[in-house]
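Worksheet: one structure, shown below.
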């Protein structure tokens, strides 16, 4: 129905004429005069004109009716022209048998382009291209042609890989194609070589080491291994060393290869295997007894040695010699001050290593023996508690044995406790101090005190005689209160 905006007049229009504006020429549809209507044959029986407004009804539409229409109205001396654009469609056939060709495609990033065609049964078809759930829209690289049925992506990238579908619809129905796979090959790139354990400048012989190689690549890269630029028989993303040996040191690299693109890329890592032989042994030495040599050896070249005692560096002196390029440490007549934990630090321009710590134990003594009584008095009354303490400088700690009048007591340890002393406990008390490493003994005893007052309990005797192991005796006398 073409409805004009004209209002009816008191007298009919002089003439109303409708025409179909064609190319190259227009053709009349109907001309309505005051006394007659002239209708084109192809519109006979399909149109009705309303002369009061000039409106036109067109029925039984056909596809050929699509186009531009124009009306000419003459109102006495006034002529009015109106235009319409009409687009008509025939009843659409249902969409069916939607498919995309080719069914799959393998492409190389930045080198190939995607060319996909969507085929479908039906009429008046519209096409929408999808990658997963995202719709394609035209851009500099994306072209949609042939009324939407052809999709072209120029110089495809990895981000355009995926299942592609074609959605087809018309006024009657819609349908979608099966997904087709578009594979985009790229890489390898970002090739990385990792070493486990990591963050080490070198690895000790006998260690277990794992090299792993990774790369961004589609399809996944094939990995090959090289040592000093020579291919190894090993392949795969991991190269393992069990009980690694020094002759396996070198410049390792992994080659990542893309079988589709025929392109490879390398990553490198220097793996240095150092053999450190710990010739140092734990040693027990006796002070001033003899010299001692400590030696440190290591594989490698251009080696430098530094000797450490705990956290302090050992330097040469009159009694300390460092020889053989620094690998040998000699003590001349070791003293107790050389006691400690020693280790050697070995280095060269490419790596470094330290030895296991070694305990150097220096035995000495016993010496500076002291025997003390507590409480300290000139004499002791019966019933008191008296503690005798025996002290000596010794490494290792000395063993102590107590004696009374030369006879051993059951008491050992540095303190002899005499509780509620009685007269019969008077006598010559002594302590024997023995070092099981130096095999030296010292003895200390209480000496008699002379000149006690009349009626006083017996005094304490102090005295000390030293022989091979220092031996002395003394009297410890107790008087009974009357």
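Glycine too: its Cβ is placed from the backbone N, Cα and C atoms.
TrEMBL entries are annotated by machine, without manual review.
As recorded in TrEMBL:
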type	residues	note
TRANSMEM	69-90	transmembrane segment
DOMAIN	94-177	domain 'Ig-like'
DOMAIN	188-275	domain 'Ig-like'
DOMAIN	289-355	domain 'Ig-like'
DOMAIN	366-447	domain 'Ig-like'
TRANSMEM	456-479	transmembrane segment
Summary of DSSP states over the domain 'Ig-like' (289-355), given as helix, strand and coil counts: 6 helix, 35 strand, 26 coil
Secondary structure content of the domain 'Ig-like' (94-177), with strand meaning DSSP E or B: 3 helix, 46 strand, 35 coil
Helix-strand-coil residue split for the domain 'Ig-like' (188-275), DSSP-based: 3 helix, 57 strand, 28 coil
Number of helical, extended and coil residues in the domain 'Ig-like' (366-447), per DSSP: 3 helix, 49 strand, 30 coil
Averaged pLDDT, computed only over the residues in the domain 'Ig-like' (188-275): 86
